[in-house]
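As recorded in Swiss-Prot:
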- D18, G43: Mg(2+) 2 binding site (BINDING)
- T22, S45: Mg(2+) 1 binding site (BINDING)
- C58, C61, C73, C76: Zn(2+) binding site (BINDING)
- 6-203: domain 'tr-type G' (DOMAIN)
- 15-22: region 'G1' (REGION)
- 43-47: region 'G2' (REGION)
- 90-93: region 'G3' (REGION)
- 146-149: region 'G4' (REGION)
Amino acid sequence: MAASNQSEVNIGMVGHVDHGKTSLTRKLTGVWTDTHSEELKRGISIRLGYADCEIKKCETCDEPECYTVGKKCDSCGGKLVTLRKISFVDAPGHETLMATMLSGASLMDGAILVIAASEECPQPQTKEHLMALDALGVENILIVQNKIDLVTEEAAIENYNQIKEFTKGTVAENAPIIPVSAHHGANLDVLLKAIQEFIPTPERDETLTPKLYVARSFDVNKPGSEIKDLKGGVIGGSIIQGALKVGDELEIKPGIKVTEGNKTHWVPIVTKIISLGVGGKKLKSAVPGGLIGVGTELDPNLTKSDALSGSLAGLPGTLPETLEKMVIKPQLLERVVGSQDELVIEPLKTNEVLMLNVGTSTTVGVTASARADKAEIKLKLPVCADKGDRVAISRKIGSRWRLIGYGIIL
């Protein structure tokens, strides 16, 4: 069970650009996740956005009207019981930002695939995001047919049939399809009921050695701060197993790149947890579920501008090795998704450059050897990962990285 104030489950908000992921997140949480200046200017998500909400239920009203995220019942104004606190991970839908979406997928216990009723289905990144969820093992999926306020009933039914056809044979074949207008808040009660039913809180073993996927890192100090007021660097991410508490020593891998002569190696960073927080509230300890901010004693220069994102953190001496080369068992898709021409995917080749996502890290590697059942890849940036972890594999096709499958680390 998550600590009070902590979310129990992470739900990804995925889908094609401009289909309404960020608007739906805002309607459910009250938080507009596009806060980066470039995002506001361009009107699209660029980084992963995070926001929490509590699903509540009125004990006197019938289903689904009894479900809300408000402070009182939308139907009768009565008192509410809190059922569960959840975290949304809002992933970018633009094709150039696929690496960011893939790094977010590793944090997701379930996902909401947002599809606009006002456009033909599937759009390129609708396909690519669904394949990514499949490749990275995210199975609990809901489909939101958004923007139903913009189409006629006939067009909405036709779009629904397109969605059913598109998801046939995929991990989302039996996913509920919920028509919603995020703009008007229509049918959100039905969506909340479906989240409760179809995206359960995973069973967590808090006795395992803790591991935290680092998705963001920051310098929280304002320019011109007095030296006595300076705070250590902050990392943000999700605990995937075990528990961390204030005062614990924390090791972060791969760490810092050190060059001696003409040789380069990576040195893990060891620090101390000064604070744990979620949504502006302090915690004494944190367990899996939701997105956690970890205050440390690190020089903020090491954490600024997401410098440590993609790292793995845990207790000193418990983390897996840092890999500079990786041996994987590849599982490739049949065709390239996300592009207009759905080309047949050829097997991996020796000396091919690939983009790999494992956990929250994104790296590029060159295949040293490639067979159908085994590939060895030399990494440009090392990763800290365990045997058995899933790796998303992307190949450069034209000017874009395209998801071509996944691999299991051997």
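Backbone N, Cα and C atoms are what each Cβ position is placed from, and that goes for glycine too.
Sequence features, as recorded in Swiss-Prot, placed on the structure.
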residue : record                : Cβ within 10 Å
D18     : Mg(2+) 2 binding site : 18
T22     : Mg(2+) 1 binding site : 26
C58     : Zn(2+) binding site   : 22
C61     : Zn(2+) binding site   : 18
C73     : Zn(2+) binding site   : 20
C76     : Zn(2+) binding site   : 12
Environment of C58, C61, C73, C76, the listed Zn(2+) site - residues of the same chain whose CB lies within 8 A of the CB centroid: E59, T60, E65, C66, T68, D74, S75, G77, G78, L80
Separation of alpha carbons, D18 (Mg(2+) 2 binding site) and C61 (Zn(2+) binding site) (Å): 34
Alpha-carbon spacing, C73 (Zn(2+) binding site) to D18 (Mg(2+) 2 binding site), which is rounded to whole Å: 31
Mean predicted confidence [pLDDT] for the region 'G3' (90-93): 64
Alpha-carbon distance [D18 (Mg(2+) 2 binding site); C58 (Zn(2+) binding site)] in Å: 33
Inter-residue C-alpha distance, T22 (Mg(2+) 1 binding site) and C76 (Zn(2+) binding site) (nearest angstrom): 29
